[in-house]
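Participant: Here it is, the structure in full.
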Amino acid sequence: MTTSWSDRLQNAADMPANMDKHALKKYRREAYHRVFVNRSLAMEKIKCFGFDMDYTLAVYKSPEYESLGFELTVERLVSIGYPQELLSFAYDSTFPTRGLVFDTLYGNLLKVDAYGNLLVCAHGFNFIRGPETREQYPNKFIQRDDTERFYILNTLFNLPETYLLACLVDFFTNCPRYTSCETGFKDGDLFMSYRSMFQDVRDAVDWVHYKGSLKEKTVENLEKYVVKDGKLPLLLSRMKEVGKVFLATNSDYKYTDKIMTYLFDFPHGPKPGSSHRPWQSYFDLILVDARKPLFFGEGTVLRQVDTKTGKLKIGTYTGPLQHGIVYSGGSSDTVCDLLGAKGKDILYIGDHIFGDILKSKKRQGWRTFLVIPELAQELHVWTDKSSLFEELQSLDIFLAELYKHLDSSSNERPDISSIQRRIKKVTHDMDMCYGMMGSLFRSGSRQTLFASQVMRYADLYAASFINLLYYPFSYLFRAAHVLMPHESTVEHTHVDINEMESPLATRNRTSVDFKDTDYKRHQLTRSISEIKPPNLFPLAPQEITHCHDEDDDEEEEEEE
């Protein structure tokens, strides 16, 4: 007879983790199939699965798609008067990464941490360090909330733009026809500030996306630019069996239809042998022209799309949800009303940390799944270059050994210069494994602004949402403990506390003291017999009262 889990939980010795120190690892999926957890999420509570299209359902091939966007933007700049020489530039995917900040005053690309501390500074293709950096950033720090000056390049669509900004700054700084200035460049009596140059690039990028030929060229060669995954119909059909599925994209219907038709263009349906189904059949609700992030606030007028012509029908749609109907505009409130769902019932899956994740989380309370395609390469470096990480750990041990027997009475000063140089060299080698700007998530031991945003706003994240295929819909995604240095570097072993060295250590706050202190408290209050407050002292909770991030708030309410 098999022992049930509830019985095994009664005996800690039978817990799987106690059978083997590293037992948890054998229960984990393969790294490239994993979904990573910032906040616990019970999948069985999710009633609706929402999707963005661009870079989520439709993953664009890299660097082919970025190269196309780069070329079209350069052509647009040349057409409005920028030098012909710019046409010689080609997109280099090894340079940019997401999450960089462009300083519109000095023309620098900056990689910063969550607090605005500089991690990397590049002026064009020139990486600036030390005293040169401090001339422009005295404390190696920026005010991130100065959005007039600093622009965060957070999206995958920003990658070509990021590299183009570096190309332009480098060109105008080094081309002998122009005179480089601190905040821009001169051509004779004409001055162009980096702020003006940046605005020209922003306008050119928007023109390429909304008025130019980017979408036209994409649909002309979908096989070249769009990833097609045979597991997509299977996952969406399984989602539809356990809940409702909706699409909310900023793209117009004609483009959406062509992309989605290609993604579901298989001779079979969800499984080999099943009949082919049109892409619309996999969704309960389809919204185009969503205009996110406005969609998560006041939104826009909800209208109905004529799928034969792609044009919008006049008037605001006010009826119930109809299967097979495509809607334009609307808002996140519209989604909740039409699907009969509320905030935490919905898991929204997207790639845009601001337009998809931050706004859906902060304004609607939707659960969030961030798609980070770069994670596949980040994991490859993390595992393939493990020797570099191990060497850094060894160097830390060498440092600890040098200081092991020294305290404040020691006059000895160990020479750690060679170890410091080696740490810098290994850290640099590790950074370069990711690309010229280093990892998307860190610079050495410090996490980037992008990493902090992922941890703050994304409940779940993965290289692809297809990874949900490898988990049951009853799965509890449980967040790991986020350890502080005093927790991650101190072993779980008993330590005898010296009360003289640490007087506050005697301030034992655990409930085991309560019985002992009852008598002391009685001694303090025994003379007060006539008038007493309703409760003289707090009592230790006998039931769970703290929020432990187990995604079980509703279950607790039901139990009450």
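Just so you know, the numbers here start at 1 and follow the chain as drawn.
Each Cβ is built from the backbone N, Cα and C atoms, and glycine gets one as well.
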Participant: Can you tell which of Asp351, Asp384, Asp396, Asp407 Swiss-Prot lists as binding Mg(2+) with Asp52, Asp54?
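Facilitator: Between Asp351, Asp384, Asp396, Asp407, Swiss-Prot records just one in the Mg(2+) site with Asp52, Asp54, namely Asp351.
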Participant: Looking at the binding-site residues Arg144, Arg202, Lys215, Lys292, Arg456, which sits with the largest number of other Cβ atoms within 10 Å of its Cβ?
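Facilitator: Answer returned by the neighbour count: Lys292.
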Participant: Pairwise over Arg144, Asn154, Gln453, Arg456, annotated as binding ATP, what's the top Cα to Cα distance to the nearest Å?
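Facilitator: Roughly 16 Å, rounded to the nearest whole number.
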Participant: Looking only at C-alpha atoms, tell me how far Arg144 (ATP binding site) is from Arg202 (IMP binding site), rounded to the nearest Å.
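Facilitator: Distance between the two Cα atoms comes out at 19 Å.
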Participant: Find the one among the recorded positions Lys215, Asn250, Lys292, Ser418 whose C-alpha lies closest to that of Gln453 (ATP binding site).
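Facilitator: Comparing Cα positions, the closest of these recorded positions turns out to be Lys292.
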Participant: Check the Cα distances from Asp54 (Mg(2+) binding site) to each of the recorded positions Arg202, Lys215, Asn250, Ser418 and keep only the ones within 10 Å.
Facilitator: Asn250
Participant: Within 10 Å of Asp351 (Mg(2+) binding site), Cα to Cα, which of the recorded positions Asp52, Arg202, Lys215, Asn250, Lys292, Ser418 are there?
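Facilitator: Those close enough are Asp52.
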